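J.: Before anything else, here's the structure in question.
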Amino acid sequence: MRRAVCPGSFDPIHNGHLEVIARAAGLFDEVIVAISTNYAKKYRFSLDERLEMARETLASLKGIVVEPVGEGLLAEYCRQRGVSAIVKGLRSSSDFDYELPMATMNRQLSGVETVFLPAEAHYIHLSSTLIKEVAGLGGNVSEYVPRSVLRRLLAGEPSANQQPRR
C-alpha cells in the first residue's frame with residue numbers, strides 16, 4: 001500500500017488544503033492528514049476542533065485518515081506509520097525555500113520522500129492566518145472555507161489556546 005502524510009496545523013482547514021489533499025488521494029492508496037500542535041504557537045481552534053473540522057470536510061474522500069501527529073519528529077512518525085511520502089502544497093517560491101531543507105532532513109532521517117504539489121492559481125493567496133484575520137474583521141471568507149469551518153469562524157468563540165487580543 002502506498003501511504004502518504006499531509007501534515008499541518010490546519011487552523012483552520014481551508015479549500016487550498018482540501019484541493020491538495022484531494023490530489024494526493026489520487027496519487028496514493030491512503031493519505032493521512034496529520035494535524036500537529038506546536039506548543040510555541042497560539043491557535044484559534046483547539047486540536048479537537050481542528051480534527052473534527054478536517055474529518056467533517058474530508059468524509060466524502062476515499063482513502064483519507066485524519067489523526068493527530070503528536071509530539072516528536074515527522075520523520076519518526078512517518079517511519080512508525082509506514083509512510084512513503086510527505087505531501088506538501090506549495091503556493092510560492094518562498095514556500096519551497098521553507099520546505100526544501102525540511103524535506104531533505106526528513107529524507108536523511110527516515111528515507112521518506114517529500115512530494116510537492118503546486119497550489120491551484122485561485123488558492124495561491126490562501127493561508128489559515130489570512131482567513132482568520134479577514135473573518136475576524138468581518139470579511140467574507142465563505143468561498144475559501146467549507147461550511148462547517150465558516151460556521152465556527154463566524155461563531156467567534158475563541159479556543160482556550162487563542163492569544164488574547166490587545
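Here the Cβ of each residue, glycine as well, is placed from N, Cα and C on the backbone.
Checked Swiss-Prot, it gives:
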{"type": "BINDING", "residues": "SER9, LYS41, LEU74, LYS88", "note": "substrate binding site"}
{"type": "BINDING", "residues": "SER9, PHE10, HIS17, GLY89, LEU90, ARG91, GLU99, TYR123, ILE124, HIS125, LEU126, SER127, SER128, THR129", "note": "ATP binding site"}
{"type": "SITE", "residues": "HIS17", "note": "site 'Transition state stabilizer'"}
J.: Let me make sure I understand the span of the ATP site: among SER9, PHE10, HIS17, GLY89, LEU90, ARG91, GLU99, TYR123, ILE124, HIS125, LEU126, SER127, SER128, THR129, what is the greatest distance between any two Cα atoms, in Å?
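T.: Site span for ATP, by Cα atoms: 18 Å.
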J.: Judged by the number of other CB atoms within 10 angstroms, which among LEU74, LEU90, ILE124 is the least packed of the binding-site residues?
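T.: Counting other Cβ atoms within 10 Å of each of the binding-site residues LEU74, LEU90, ILE124 gives the minimum at ILE124.
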J.: Anything within 10 Å of LYS88 (substrate binding site)? Look among the binding-site residues GLU99, ILE124, LEU126, SER128, comparing CA atoms, and list what you find.
T.: GLU99
J.: Could you state the whole-number distance in Å separating the C-alpha atoms of LEU126 (ATP binding site) and LEU74 (substrate binding site)?
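T.: With the alpha carbons as reference points, the distance is 24 Å.
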J.: Are any of SER9, LYS41, LEU74 (the binding-site residues) within 10 Å of SER128 (ATP binding site) when you go C-alpha to C-alpha, and if so which?
T.: SER9
J.: With DSSP assignments reduced to helix, strand and coil, which class does LEU90 (ATP binding site) get?
T.: strand
J.: Please tell me which one of the binding-site residues listed here (SER9, LYS41, LEU74) sits closest to ILE124 (ATP binding site), measuring Cα to Cα?
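T.: For ILE124 (ATP binding site), the closest Cα among SER9, LYS41, LEU74 is found at SER9.
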J.: Sorry to bug you, but what's the C-alpha spacing from LEU74 (substrate binding site) to LEU90 (ATP binding site), rounded to the closest Å?
T.: 18
